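Enquirer: Structure provided below as structure tokens; questions to follow.
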Amino acid sequence: MAELGELKHMVMSFRVSELQVLLGFAGRNKSGRKHELLAKALHLLKSSCAPSVQMKIKELYRRRFPRKTLGPSDLSLLSLPPGTSPVGSPGPLAPIPPTLLTPGTLLGPKREVDMHPPLPQPVHPDVTMKPLPFYEVYGELIRPTTLASTSSQRFEEAHFTFALTPQQLQQILTSREVLPGAKCDYTIQVQLRFCLCETSCPQEDYFPPNLFVKVNGKLCPLPGYLPPTKNGAEPKRPSRPINITPLARLSATVPNTIVVNWSSEFGRNYSLSVYLVRQLTAGTLLQKLRAKGIRNPDHSRALIKEKLTADPDSEVATTSLRVSLMCPLGKMRLTVPCRALTCAHLQSFDAALYLQMNEKKPTWTCPVCDKKAPYESLIIDGLFMEILNSCSDCDEIQFMEDGSWCPMKPKKEASEVCPPPGYGLDGLQYSAVQEGIQPESKKRVEVIDLTIESSSDEEDLPPTKKHCPVTSAAIPALPGSKGALTSGHQPSSVLRSPAMGTLGSDFLSSLPLHEYPPAFPLGADIQGLDLFSFLQTESQHYGPSVITSLDEQDTLGHFFQYRGTPSHFLGPLAPTLGSSHRSSTPAPPPGRVSSIVAPGSSLREGHGGPLPSGPSLTGCRSDVISLD
């Protein structure tokens, strides 16, 4: 029970990081707040406290409270008998400093044997930094050194010192480049790098959390923070080498000091190193890539045959493969086609553009398959070099099953440019030219403005005026009907329209008028109707009522200047009305005669002369109807 209480005391002193490590070691869920994690850890301790879990708790506790090394004076204090003072005179016991009370003394003599101090981290671990393509290492100023946590404080601090030899100093000074209007820069630089303290493989740059660096007492600028991926996440900096040449003392006699502050993380140590490097450009790397040579084209042909080989298990067989000769980065024709050895595709990208892109922002990712394509794995494709040299007028090729290729030239389709449609006389003239009118027919046409003194907007080309005498036939009226026109006293009226010029037949025949089918089909019973006769004319504005009695017409006759007959719009309906009235109504009384104007045929058929009908009205003159 005493041992269980001690373990419980250790668990309750853990932070969130220790609780998560303990629960992860035991295979439990390690997500949640601190009180939830603590409850899970205590439940683990009570339910199944295996020896491995107990050892893990003790290990975490030793790391949480590292044992302080005691000096001779501290050991003499602990070896004094109880009740005695350090000077040996009797008196009250002097309190022992809390820092001298190690975890072993707090747990008792039984557990002191089990408590061992953590193994110290090596000062210079066997850490190897991953080489950078744009930097050539000239020398190592500080070997990879461990940034180990030395106390239980949240923030750690470490001090480092390095010095430059006269030869190194001379290399830096001779590489100085001063550009007009810009600050001086050095091609050979003093470079500071951070990484994880791991010896399994070459390490990439990795910044500790909350990193601050001072070089010779001056704060060193670091890369800016990246935008957080989620709310509440701790901002991080992009890990990359730091150029500390502007802050270094360029002297062979005065050393340089570096002070590093960072936040410690449980179970994770970091390493620091300083190098003397020479910065390279994209052009230099391209020359080095060319110096490596061009890959044999047979390798690419073998890859093509492998891709186009028919798979017996697949129902779809690929017989050809299209590849573009345009770079996916710059959308331009390839100059130096290259790809990584780890890429499984044939599509290449331009080496110069790829190196320039990574010089600005080193990602080293293939633009085709988005996989890692480091500089060391880049190769120049010899087959694509042959294709680019032999085919300069195409941007796409097609590979066959045997490894051969053929250019894919774009099909040039003759596209007829349709001019915008013209309106009015311009459109008519343009259509006449397009239809190939003979030169002798292209005479100057007399232009007549149809909008002058015209009241009709629906007619494009008005026909010539013709005088059409209209007659009407009397039909019997209904008994007691009122409002019919009488046949004996119906006065004649003239439909008046403004004077308009007429168009010659030669002009109408020369115009290329097209036949347009009707948008809506008309029935057989209304195809003979003259729809223009239903338009409103002056007689409808100023004349009396269409159907009225003889007495009322005589009474109101002096108020109207013009009197017109309604035959121009009731004519088409007269045959139908007449037949119905004859069959259903008797003859009208002799004292009162009603009639409806009804021509024998449609107005369109009667343009040439009088229409045949029944007896005409007495004292009625022919009406002049204009078809405008």
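Cβ coordinates are placed from backbone N, Cα and C, and glycine is handled just like the others.
Okay, these came from Swiss-Prot:
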- 19-23: motif 'LXXLL motif' (MOTIF)
- K46: SUMO2 cross-link (CROSSLNK)
- K56: SUMO2 cross-link (CROSSLNK)
- 115-280: domain 'PINIT' (DOMAIN)
- K230: SUMO2 cross-link (CROSSLNK)
- K307: SUMO2 cross-link (CROSSLNK)
- 312-393: zinc finger (ZN_FING)
- C343, H345, C366, C369: Zn(2+) binding site (BINDING)
- 450-460: region 'SUMO1-binding' (REGION)
- K466: SUMO2 cross-link (CROSSLNK)
- K482: SUMO2 cross-link (CROSSLNK)
Enquirer: What does the DSSP secondary structure composition of the zinc finger (312-393) look like, as residue counts for helix, strand and coil?
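Expert: Secondary-structure composition of the zinc finger (312-393): 22 helix, 18 strand, 42 coil.
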Enquirer: Counting across all protein chains present, how many other Cβ atoms fall within 10 Å of the Cβ of K230 (SUMO2 cross-link)?
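Expert: Result for K230 (SUMO2 cross-link): 5 neighbouring Cβ atoms inside 10 Å.
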Enquirer: For the motif 'LXXLL motif' (19-23), DSSP counts of helix, strand and coil?
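Expert: DSSP classes over the motif 'LXXLL motif' (19-23) add up to 5 helix, 0 strand, 0 coil.
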Enquirer: May I ask for the distance between K46 (SUMO2 cross-link) and H345 (Zn(2+) binding site), taken between their Cα atoms and rounded to an integer number of Å?
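Expert: Distance between the two Cα atoms comes out at 57 Å.
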Enquirer: If you count the C-beta atoms lying within 10 Å of each candidate's C-beta, which of the recorded positions K46, K307, H345 ends up with the smallest number?
Expert: K46
Enquirer: Pop the mean pLDDT for the motif 'LXXLL motif' (19-23) in here, whole number is fine.
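Expert: On average, pLDDT over the motif 'LXXLL motif' (19-23) sits at 86.
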Enquirer: Fewest other C-beta atoms within 10 angstroms of its own C-beta: which of the binding-site residues C343, C369 fits that?
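Expert: Selected from the binding-site residues C343, C369 on minimum Cβ neighbours within 10 Å: C369.
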Enquirer: Going by C-alpha distance, which of the recorded sites K56, K230, K307 is nearest to H345 (Zn(2+) binding site)?
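Expert: Closest recorded candidate to H345 (Zn(2+) binding site) by Cα: K307.
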Enquirer: Determine which residues of this chain, when C343, H345, C366, C369 are set aside, have a Cβ within 8 Å of the centroid of the Zn(2+) site's Cβ atoms, and list them as they appear in the sequence.
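Expert: For the Zn(2+) site the neighbour list reads R339, A340, T342, A344, Q347, V368, D370, K371, A373.
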Enquirer: What is the interatomic distance between the Cα atoms of C343 (Zn(2+) binding site) and K230 (SUMO2 cross-link), given in whole Å?
Expert: 32
Enquirer: Which of the recorded positions K230, C366, C369 has its Cα nearest to the Cα of K307 (SUMO2 cross-link)?
Expert: C369
Enquirer: What does the structure give for the C-alpha distance between K56 (SUMO2 cross-link) and K230 (SUMO2 cross-link)? Integer Å is fine.
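Expert: Just about 32 Å between their Cα atoms.
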Enquirer: If one measures from the C-alpha of C366 (Zn(2+) binding site) to the C-alpha of K230 (SUMO2 cross-link), what distance in angstrom results, rounded to a whole number?
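Expert: A Cα-Cα distance of 27 Å.
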Enquirer: Report, in whole Å, the straight Cα-to-Cα distance of K230 (SUMO2 cross-link) from C369 (Zn(2+) binding site).
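Expert: Here the two Cα atoms are 27 Å apart.
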